[in-house]
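Could you have a look at this structure, given as structure tokens, before my questions?
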Amino acid sequence: MEINPVFVESAIVFAIVGWVHMVLWNQHSWCSIALFIQAFYVQHKWDRLLKSGGAVFQFRPAANSGIVPASMVMPLLGLVLRLRCSESGNVYLERFSMVITITGMMLALFLSLIALGITRPVPTNTCVIAGMAASAILYMTKQTLTVSEVIEVLEVLLIFVYLSLIVLFLLPRCFTPGEALLIIGGISFIVNQLIKRSLNLTEVKGDPINYFLPVVVVGSLLLGVFFALLFCFMESETWVSSVFFHIMTAVLSLGILLPWLSLFIGRHPIMWLLDFVTFTDRRLSLLAYWVFLVVLATCVVLHQNYQRQSGSKKHQASTVVRKYFHLIVVATYVPGLIYDRHLLHVASVGCLAVFLFLEYVRYFRIRPLGQVLRQVLTLFLDERDSGPLILTHIYLLLGMSLPIWLFPGPCAPKGILPGAGGLIPYAGVLAVGVGDTVASVFGSTMGEIRWPGTKKTIEGTATSVFAQIIAVAIFLIFDTGINLNSSYSWIVGSITLVAMLEAYTFQIDNLLLPLYLFILLLL
């Protein structure tokens, strides 16, 4: 009997949903279960649309829709954040976490309505189930959110609608529907929060480093949309267009984004950054170490391209070669997590800005580096880079950084969460840097027994779990701030569930796995 990997993926996600709600069962739990059931039915319909070519937009081929795993991320994230903030007595962030939960549910419902609207014939049973789930979520929204919070949810939904139309039209075959929900939904939420705080500067509070990411995301979005529309009417490869691109990038950065950021942090961002970086000698040492790793990664890329040109290697880098970068990223993040997480936060945001800028240069063929980047990076493409953008390295950066950016510092006593929560900043390192790397390398080189319905091997998954447990033990030795409080069984169970999800998911694992491990460790 052939096993459908999509059903197994959904079963693993349902196990995670059940595990979460066993710990924090509340009035939102029924809504989460209803959302999962309707997402499961809608995913079946959308997978059929993708196979028949009946979807409105061109999504990433050779992958299922991914509606189930993507739909549950934001609601579960909001629920577990609310639990932690409630325990710490932070009422403001507790209400904010409820907004995250309801927003995630509304975005998933909207995506489901799109799928049902373009399905022919209209699936009556799925429509009934989706209607029941929508009714439960709308009723819970009325009971738990204030009028201003409901308006905030609707604002995010409106931004999501317009961004989806723009991004999916300009970037065909780059995302699955589930990946689009996660990425565009997250960007929509960030854009709305930045606009909201810009209009209420008197209420701006918190650590200045938390404002770097929203400004970088919004600035990169504005830059990408502007030039994508502009270069529809003019050639982007000429020197005139390239000079215009660089001038407009400088104008946006120096004339809009830096003054915008200075409103939040109360100082000129460059001066603040210089004081921040030079605050201790340790920070300067970490920066020097990271520069060395950047040079090392560049040498790996150049060496692989030299091997390709000399004809001694095939035209695509192997799985083992691509995992070199995972190891380099682990070597980058672990010292930062142990010695200076604030510096790592700022550095990772800066790295995201650089990656996005270089991808724009490559995509638009901006001189003088555009064509060079195209030739250099094509060696490291895999089946997930089927659209006009190369996003694998950006997903790797996001997977490693999201647990750091999302870490609920204000909801943690003395900045440290007890038990498994102490490993939350390491969720990306464990799931992507260690787990995914070991599973791929050992699975492709020594694995023989495959999981039913997939190309992944049981040996790779087992080795992945074992490697992550060893990594946890190493973190305990070097990071004195971690105190597991006998929560070993929860940690092992969480790592195992996420490793199983890695074996069966067709979505971008670099993005999905750290988020689910983050949610489980936050309980």
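Every residue gets a Cβ built from N, Cα and C, even glycine.
According to TrEMBL, the feature transmembrane segment maps to 12-41, 62-83, 95-115, 153-171, 211-231, 243-266, 286-303, 324-339, 386-406, 426-446, 458-478, 490-522 (among others).
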Can you work out whether the transmembrane segment (490-522) touches the transmembrane segment (386-406), with the criterion being 3+ CB pairs under 8 Å where the paired residues are 6 or more apart along the chain?
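Yes, since the transmembrane segment (490-522) and the transmembrane segment (386-406) share at least 3 Cβ pairs closer than 8 Å, they count as touching.
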What else in the chain is close to the transmembrane segment (324-339), if you only count residues 6 or more beyond its ends and a Cβ gap under 8 Å?
282, 286, 289-290, 293, 296-297, 300, 347, 393, 396-397, 400, 404, 425-426, 428-429, 432-434, 436-437, 475, 478-479
Which of 62-83, 211-231, 286-303, 386-406 shares the most C-beta pairs under 8 angstroms with the transmembrane segment (243-266)?
211-231
Return the stretch with the most CB pairs under 8 A relative to the transmembrane segment (62-83), choosing among 95-115, 211-231, 286-303, 386-406.
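The stretch I would name here is 95-115.
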If we skip the immediate neighbours and take only residues 6+ beyond the ends of the transmembrane segment (95-115), which ones have a Cβ under 8 Å from one of its Cβ atoms?
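Apart from its flanks, the transmembrane segment (95-115) reaches 28, 31-32, 35, 38-39, 42, 45-46, 49, 56, 65, 67, 70-75, 77-79, 81-82, 85, 130, 133-134, 137, 140-141, 144-145, 149, 152-153, 156-157, 160-161, 177, 181, 185, 188-189.
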Taking a Cβ cut-off under 8 Å, which residues six or more beyond the ends of the transmembrane segment (386-406) line up next to it in the same chain?
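For the transmembrane segment (386-406), the sequence-distant neighbours (Cβ-Cβ under 8 Å, at least 6 residues beyond its ends) are 60-62, 77, 171-175, 213, 325-326, 329, 333, 337, 341, 344-345, 348-349, 351-352, 355-356, 359, 362-363, 377, 380, 424-429, 431-433, 508, 510-511, 513-515, 517-518.
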